[in-house]
Each structure stands twice: as C-alpha cells, then as structure tokens.
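**Q** Just passing along the structure, written as structure tokens.
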C-alpha cells in the first residue's frame, strides 16, 4: 500500500478556504446566539437561566461529544461527515424557526446544531492536518478565524434579518445559508496516495499480524480442542457411525468434523485473546490518565480551563442583554457588542499566537496573564453603564478569549507531544462542560437577584481562581511543566493465529 504525503500546498489551500467557510457558516449563528437570546426571552417568557441553556448547549455539546466526532471522521472520512453535518446544522436552524417552546429549542438548536458544529469542527481540522505538515500551524490558524469572523458578521446579520422578517424568518434564512456547507464539503476530497514507497516499519510493527496476541496459545488451543472433543458434537452421531465400520463417506465426515472442531477452537481462542488485549489497552489508557493527573500543572490546567469556560463564555451570549439591562439606548449601538467580541477574538488569536512563537515568551505565563486580565475585566462589567464602556470591555474580553489559540501550546508544554492527544481530549471535554454550565448559572443569578452585578462578579471570580491556581502550580520552577511524564514500559502481546481463521 502506498503512503500518503502531506503536500503542504496545492489543493491544500482549497481545503483551507472551504474549511474557513465551513466554520464561518456553521459557527456563525451559535457564537452570535446572544442576538437570538433576547428575542427568545421575549417570545417564550422563560427565565434567563433556562433560556441561556439553548446557546450554552449549542456551544458545549460539540465539545462534550468530541470523542464520538473523532470516531465518525476516522470511520467515514471528512467529506461524508461534512456533508451529513451540513444537513444537521441547516435542518436544526430551520426547525428552530418553528419552535413552539423553549424545550423544543433545547433539541433543535442546542443538540442538533451543536452536534453538527462539533462534527464539522473535527472534520475541518482533521483534513487540514492531513494536507499540511510544515505549514500546519498557519493553516489551522487561518481556518480557526472562520468562527470569529462568523461571530462578527452574523451578529449584525441576524439583527437585520429579525427586523425585516422576524425571528422565525431569520432562522429560516440562516439555515438556508448553512446549506452552503454541502458545497464546501464536496470540495474536501481525500488526500490521494503518493507514488513513494511505504516507510519501513519499526521492529515491533514488523511482527506479522498472525503473531499479535499471547505466546501461550499452543497450550490453550489444545485445551479448547479437548473440550470440544468431550462435547456432544464430538461424541455423538459421528462416533456412532465410526463404530459401524469405516468407509469413505464416514472418513470424509470424520475429517470435516475434526476440521470444524479445530476452526471453532481457534476462533474461540482468538476472540478470548482479543478481549484480553482490549482489556489491557483499557487498563493502559486508565493508567495513562492517572499519570496525567499526577502532573500538578496538568491538574491545575484542567481546573483552569473548566473555570475559564464557566466564567468567560457567558459574555458572548449575554452582552446584548447586559446592555439592555443597563438601560443603554438602541440608537447608541453603532455596532453590536457581540460583533466587537468576534472581531477582537480573531485579532487576539493571531497576536497571541505570534507572541507564543517568540522564544523569550513563556507560553504558560502568557496564558495565565490572559486568565487574570479576563477575570478583572469580567468584574468591571457591573460598573459599565454606557455603550462606550461596554464596547471597550467587550473588545478586551474578545481579545483575551483569543487565548484559545495558545491553549494547545500550553498543553504540549505541560504533558509533552506524545501525550497531547490524550490530554487535549480530556481538557476539551471539561471545556465543553464549562461552556454548557456557564450561561445558565449567570442567568440563574439574574433571576435570583434581578441584576447582572453578582453574576459577573461570580464569573470574574471563577476565571481569577483558575488563573491563580494555575500560577501557583507552575511556580517557582518552570521545569515542572517541562518535565516529561515517564513513559510506561511497552507491553507486547504475541499470538499465533492460523491463516484459515
């Protein structure tokens, strides 16, 4: 079989372009859901905490289901998953236009759209990584700005559509726009195999497939055959026929029986050893997870990312309602606050990514600085009573939210490149949990106190707490974060399976 080589260009730039528009089209409405949030409050008359679940589910479900999303892309490929997910996102948005109550929106907008966005994110990142190697960081940075540009444009677009066609018409039109994801998906052709030879396998990979479980097979296989010989199949009609006299027919049947017994024994043993191997892999996975949490910086990072999403995500959903609650007049809105957050998030991703590449910048401390500054900005929101102050704080929060671009760097520094996939999956799951819980908690604070002041003090405290915990875990020695986790001794299982199984 021929090896696949990343071209680092060519059709890869088409992949970057369509991946950018895919993230723009699928994340545009969910990240700018704050505009819809105000309309849903008026339309259904539910509490702010309950209504906030719609936007938080749309953001968090994709992260919570990231293992399933990865499995789907690995099994079916990026193109089929993108086309299928395009139907999910478009259908969920259109269904939301006919929602009779808030509970219907939990399903149509929160779960269907959210899961579709999670699948599309995984598909776009996966196929971009396949097409790029040396320029992978640049390619991923370009496609990640699609969601930020979507937030900037969709915030104003959805407000305009609501004024012209109402909430239902807005969701139908936005859903129709999402159908363009199908065209983007059709251009995501799989990477074609190159003409070069397959790289040589390592010594461990060179072990033939038929020697891949345990070396105790001979003894156990004989035991299985002996068990079968004692079974009714072995001692039944075939034995009785052999007592009547051996003839060609009887001999042939006896050989068929022996062959059948051997195949059943081999297949039974193979399944048993496969189950043992899967159990061993599961034990290894659990052991690696425990080893990750023994790294105090990783444990602090896990707490920090959860608290960051609990406290830092609500402004992108609730900022428009905060302005309305502060009696800011609509004629003062020269630009939607959510649009300001979106464009500054894109700027933050690019600038913080550039800073993280500088050799003299400590990436972990840079990330901690963004957390502490964001916590202070969140605590300042209750004191902002004008559009100008809210716009400035929105820009600061948007810029600091761009620290998502350096989070993989921090994770790599903490656990090492060989543990990155495992650690990042765990962290993203809890990031999704924080995304799902943050806005409803802030909304419940408002329902309880009839003001956003305590809610944003709570949000700021969460982000500050996560930042200081991470700071304490990384001080004084930075070497603690750079120290590689000990690699577990590789466990090799050898087995021998007959070729006819």
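Cβ atoms here come from the backbone N, Cα and C positions, even for glycine.
Automatic prediction, not curation, is the source of TrEMBL annotations.
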**Q** Pick from 454-475, 476-497: which range has transmembrane segment per TrEMBL?
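**A** In TrEMBL, residues 454-475 carry the label transmembrane segment.
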**Q** Below 8 angstroms Cβ to Cβ, which residues of this chain, lying six or more residues outside the transmembrane segment (390-411), approach it?
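**A** Same-chain contacts beyond the ends: 141, 144, 148, 301, 305, 312, 315-316, 319, 322-323, 326, 328, 335, 337-338, 340-353, 355-356, 363-364, 366-367, 370-371, 373-374, 377-378, 380-381, 384, 420, 423-424, 427.
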**Q** Do any residues of this chain, six or more beyond the ends of the transmembrane segment (333-352), have a C-beta under 8 angstroms from a C-beta of it, and if so which?
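**A** For the transmembrane segment (333-352), the nonlocal Cβ contacts are 31-32, 34-35, 141, 144-145, 148-153, 155-156, 159, 315-316, 319-320, 323, 366, 370, 387, 390-391, 394-406.
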**Q** Quick check for me: are there 3+ Cβ pairs below 8 Å between the transmembrane segment (423-442) and the transmembrane segment (364-384), leaving out pairs under 6 residues apart?
**A** no
**Q** How about long-range neighbours of the transmembrane segment (162-183): same chain, 6 or more residues beyond its ends, C-beta under 8 Å?
**A** 21-22, 25-26, 28-29, 35-36, 39-40, 43, 82-83, 85-87, 89-94, 96-98, 120, 154
**Q** Do at least three C-beta pairs under 8 angstroms join the transmembrane segment (297-313) to the transmembrane segment (12-40), pairs 6 or more apart in sequence?
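**A** Answer no, regions not in contact.
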**Q** Against the transmembrane segment (364-384), which of these stretches has the most C-beta pairs under 8 Å: 12-40, 52-74, 81-99, 454-475?
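**A** Between the stretches 12-40, 52-74, 81-99, 454-475, 454-475 has the largest tally.
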